[in-house]
Structure formats: structure tokens, C-alpha cells
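Some notes on the structure that comes next.
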Amino acid sequence: MKSKFSVGVGVICFVLSLIWVVFQIYIVSHPLTPMVQRPLHVAFAVSLMFLFKPIREKGLLRFLDFVFVVLAIFIGVYFIYNGARIQSRIVFIDKVFLLDKIFCFLLVAMLIEGVRRCVGWSLLAVVVAFFLYGWFGYLFPSWLRFEGIKLDEYVELLFLGDSGIFGIPVGTSVRWVFYFVMFGAIYSIVGGSKLLVNLGLQITKRQKGGPAKAAVVASGLMGTVSGSAVANVATTGVLTIPFMKKAGYDKETAGAFEAIASTGGQLMPPIMGISAFVMAEFLGIPYLRVALAGFLPAILFYTSLFLLADLLARAKGIEGYTIDQEDKFNELWRRSFLFLPLFVIIFYIIRGYSPTTAALWGTVTAVVVSFLRKETRLNISKTVQVINSIGRQAANIVVPMAAIGIVIGVTIQSNLALKFSSKLLQISGGSLPLSLFFLVCGCIIMGMGIPTVAAYIICSVFFVPALIKFGISPLAAHFFVFYYGVLAMVTPPVALAAFTAAGIAGGDANKVGIRAFLFGLVAFLVPFAFLFKPALLWEGNLDVILKTALIQFVGAVTWAISLAGYVAKKISLPSRLLLGFLALLIIIPPEITINLLASLFSILIILWIVIFSRLVRERVEGKKHII
């Protein structure tokens, strides 16, 4: 039984979360100035972070949590009363007041502690390092050296302007991200997430490797409502991983399929995770353009993964499953009305409405249709769950995004991004392939152990300018770092999605990470394809787009066959290596002639293997018949 203290904390969490939801809905039709909206957004997130994630349930440390909550609220109120002054002030000319300085450093301290609680030490180390670099830049050697930022300038940069804590990441969260968090929380609690998993199970029943395919389909569908690979694994993995193990997959393979499929969910339009919204804001383009650009690469990735699941199942003789098929279908049919909110969101995005409008109408639709059945209905208990879930999830997203603003602010003020890109060009000798190798390593290292959106923002600040200097289009450059920021979730040694899947499967975390990495290798190659072939991002004439997509589809299939080592029969190692090499020639080189020749050659080899296998089988069966 909960103590009165715990109940009281729960009530405070609910009330703050509810006020936050009401505030966000209010500013849709009655927007405030950015320097009021954004600080209030952060104040809600910080206060809820300290309530939802305490160090201790009781005692002095818990008392300090409440002190931080009160301070966060004070900061929000401070901006309500001073927003007009702050919004209209002239940067580096108007006076910085004492309270500006006090609240600035209090907020920085709370964000640093909040990051430690919700993300861990990896992002904390990055934020603290950049914060100190801003102070002590004059102590650094060579090209890293700069004069450092003075106290008043630091406060203006981080606290009083839109280049620091209240910059683009938080602005994106205020305008778009929060509303999709709200939709996702409501949709999951009324049964939408379970519906998508059941759909994946129903589609792939009786098929070879059905459980693994179910993981691929269900996780891809879940990516439309979940912006987190880890959350996706936790939601779908508890159902798909036991199915895979029962069908005959070992623990590591089951965990790996779930990890890479769930990670890929962030690459699947129409909702591609939080990073895609930030990308649209960075590029200054409609979100629909970002979603359209992500469509073909995501299809290539999931085609390869689905085919790989099929071929591995055939190689190992793993059949489909028949557990409660009728019950699953009946449940799917009974809840089919829950597809409507997703269709509403897709409709509004395709029609060119803002993501906020799409998410709000999707949310309204989810609430309305939930009343069609008793088990999905939003009663009082579920409503409380929804409000708390929105507050918790939004706080976990906003606190790291606000903290990343410190990194962005210091990088801009020190001109570090341009220095870095110039240094990279110098080290690589102007070689694009060598620079890309360094960038891939940098993106994956930056993405280890931190949320995808944080990894993407850091990588875009540092690496995108270097890519643009090589003549790469801004859209392709941003997608390049976005993909590797996402894929860091399954890249050893710190692969958060793989570790989560390993925990559910009961397998070795490192082995799960390595296999997930191998299964998803197409996704690691696709960024090179759209870097040199903008048609994959839906740029250019339709005939060029379709031709490029078809050739890359052959590359994805060839890579899956090479990795599985099976198509109609087991393939010898030399043949696998040859097919793998051809897949690389199809996907990576910018010359269309090389891509086309490699595609034709790989098709001929695959057809030869299939035909030869069939002839051998018929010959063997003929001999048996004679005998």
C-alpha cells in the first residue's frame, strides 16, 4: 500500500502534467512569444523530471528534489513577467540583470542533473565538457583555442537568447514534438500499440520465419507512434521475442531481430521519431518533405530485413506459428477502428498541414474512437495514466534537448563547427571517402549511450557543415548523420536497443548487439547511396527516382541473400562474398553504369543458383522415383 507521501507526490505529478498539457493545447490557438513559451516548456519538463526520477524516495535528497521543482517553477514565472523585456532586448548591448545570471546558472545545474537522471553519464559528460570549454577555451591548444565566453555573454547566449537552452531543439519540442508524445501516450493506452503488434503477428502467421517477420512488421508499424528504439523494443519485444525463441531461433538471434527492427522504426515515415522534426526545423522545410525523403531508404531497409528473416528461417527450417490465430484475428477485427487515428495523421501530413495539426486531430480521433468498445474506453483510471505518461515521456525528451542547447550555443560562439570541418578537410587531404569514414565513426561514437535526438543534433552541428563543403546537399547531409545517429542504438559496444532486447531474450548483450549490427548492415550502407544518389531522397525527375529505387532494391535483396547464405539452397562462401561485393557496387558508387552492371550480374548469379538448385532437386527426385 502506498504511503500518504507517495500519493501526494503522485497528485503533484498529475497536476503539473495536466497543466502542461492544457498549456500546450492553449498555445496552439493563442501563441505566446517564443521567450515565454520555450522557458515554460522547459520549466515543466525540469520540475517533472525531479518528481518522476528521484534519487531517494525520502530524506534530505528527496527534499532537494522539491527545492529544484520550486526553482524550476520560479524560472518559468520569471519569464512570464520578463518575457517581453527578454524578447525585445538587444543582445550583447542591453544590461544583464543579477536575477538573469542567478536563474541561468541554476537552470544549467538542474539540466545537468536532469540529464544524469534521465539519460546517464554519457550525455552528461558531453554537456559538461562543452560548458567548461565555453569558460576555458583560452586554455586549449591549437585550433581548439578561442578567447572564452565572458559571464554576461554566457548568460545572454544560454539563457536570454534563442541560440542556447531555448534554441531550435526546444522550439521544435514546443511546436511539434510534444503533440506527438501526447498522441503516442493516448494511442498506446487505448490499445493502439497492441493492435499494431497483433497486426504484425497476423500478417506473418504460417510464413517461414513468421515470428522474426512479425518483429520486423510490428516494430516498423510501432515506429509510426514511438520515437524511441528502446521503448519500441520494450513494447513489441515482450511479445515477439518469446515467439521467436519458441519457433527455434536462439536467444541472440531473436534479440537481434527485435533490436534492429525496432531501431529501424525511427527511420519509417510518416512519423520518424523526434529527430526528423528537428531536421525539418534545421533545414527550414516542411516536415512532409522530410517524411517523403525518408520513404525509399526505409523501404530498402525493411525489405532487406524481412527477406533476411525469411531466408534464415528457410536455411534453419523454422516454420511459422499457429498460436491462437483465430483469437488474434478476432481481437484484431474488434479493434480495427484504432487504425483510424493513424490514417487521420497520415491524411493531414500528406495534405500539407502542420505536424501539430496532424497530431492533434489524430489525438482527438483516438479519444473519440476509444469509446466504441468497453476495453479501449478512456475511463478515469486510464485518463490519469495518459496524463502521467505524457508528463513523464515529455520530460525525458525535453530535458536532454534543452541541455543540448548548451552544446549548440558554445559551438556557435566558439566557431567550433567551422573549425572542425576545416580540420577534417585538412586531415583527409580533401578526400571524400576518407572524410566519410571519419564522419561515420564520429556519428556512431557520439550516439553511443545517448538518445537518438541528442546524437543527431550534436552530429548535425559538427558534421553537416563538413559534408556541405564537399558539395553534398543539405538534405542528404542531414539524413546521413541522422541514419548513423539512429543506428548507434545497435552498434556495439554501447547498443542500448540491443541491450534491452538481450534482457528480454535472456541472451548475451554483446552477441545480440553484433548480430543486430550485421542484420542491419543495409541500413549502414544506404546513407552512402543517398549521399551520391539524391533521387533516393525523392529529389529529381520521377523516372530517375524509380530507376534508382529499382537498382537499390536489387542491391538490398543481394545483400540479404549474401548475409543469409541461402536462396533455394545453401550458398558457398565464395559465392556469398561475390554477392556481398556486388551489393556494395550496387549501393555505394555514384556511377549509375557500375550500379546497373553489378545489378544485372547479381541477378544472373541468383537466378543461376535458383535454377541449378531446382534442376538438382528434380534430378534427385527422378532417381528416387525410378528406384
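Any Cβ shown, glycine's included, is placed from N, Cα and C.
Curation plays no part in TrEMBL annotations; they are all automatic predictions.
What you see is a predicted model, and the numbers here were worked out from it, not measured in a lab.
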TrEMBL annotation (transmembrane segment) - matching range among 267-284, 573-590: 573-590
Cβ contacts under 8 Å made by the transmembrane segment (332-350) with residues that lie 6+ beyond its boundaries: 183, 187, 190-192, 194-195, 198-199, 202, 224-225, 270-271, 287-288, 291, 357-359, 361-363, 365-366, 369-370, 372-373, 376
Mean predicted confidence [pLDDT] for the domain 'TRAP C4-dicarboxylate transport system permease DctM subunit' (107-537): 85
Winner by Cβ pairs under 8 Å against the transmembrane segment (544-566), considering only 7-29, 59-80, 92-112, 291-312: 291-312
Interface check, the transmembrane segment (512-532) with the transmembrane segment (291-312), three or more C-beta pairs under 8 A: yes
Winner by Cβ pairs under 8 Å against the transmembrane segment (394-412), considering only 7-29, 35-52, 119-140, 291-312, 453-476: 35-52
Candidate ranges 35-52, 92-112, 119-140 - greatest C-beta contact count to the transmembrane segment (453-476) (under 8 angstroms): 119-140
